[in-house]
C-alpha cells in the first residue's frame, strides 16, 4: 500500500514542502496539512503501518527520523532534535517507541 492510497498526493507534496527547512518540522501542523487529521481511525492505522517500515508494530526512533520520506521519497530526514521531540510527543508509555494506538492519539491531539 502506498501513502497516496490514503492521502492525496497534492496534500502530501504541500505538507512535506512546508517543512523542507531544517528544524522546521511541526507534527501538529504536518498532520493537519497532509490531511491525516480528517481521516478515519482505519486510515490513520493504514498510515501507521506504512510508516512502520520493519513491520514490528511500532515506529521506533530510527523510523521516525525518516517519517517525511514515508510520505514521499523527496522528504528530508528529520534532525535528531526533531526526531526526539516527535518521539517524546507520541511515546505515551515511555517505552521508546510509538505503537498504533499512540500514533492515533498523536494524530487526534494535533
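Backbone N, Cα and C atoms are what each Cβ position is placed from, and that goes for glycine too.
Residues or ranges marked as domain 'EF-hand' in TrEMBL: 39-74, 78-110. Among the features that TrEMBL reports, Ca(2+) 1 binding site is placed at 52, 54, 56, 58, 63. The feature Ca(2+) 2 binding site is assigned by TrEMBL to 91, 93, 95, 97, 102.
There are 19 other Cβ atoms within 10 Å of the Cβ belonging to residue 91 (Ca(2+) 2 binding site). The Cα atom of residue 95 (Ca(2+) 2 binding site) lies nearest to that of 58, taking the binding-site residues 52, 54, 56, 58, 63 as the candidates. On the 0 to 100 pLDDT scale, the model's mean across the domain 'EF-hand' (39-74) is 97. Between the alpha carbons (Cα) of residue 93 (Ca(2+) 2 binding site) and residue 58 (Ca(2+) 1 binding site) lies a span of roughly 12 Å. Separation of the C-alpha atoms of residue 91 (Ca(2+) 2 binding site) and residue 56 (Ca(2+) 1 binding site): 15 Å, rounded to the nearest whole number.
Cα to Cα, residue 54 (Ca(2+) 1 binding site) and residue 97 (Ca(2+) 2 binding site) are separated by 13 Å.
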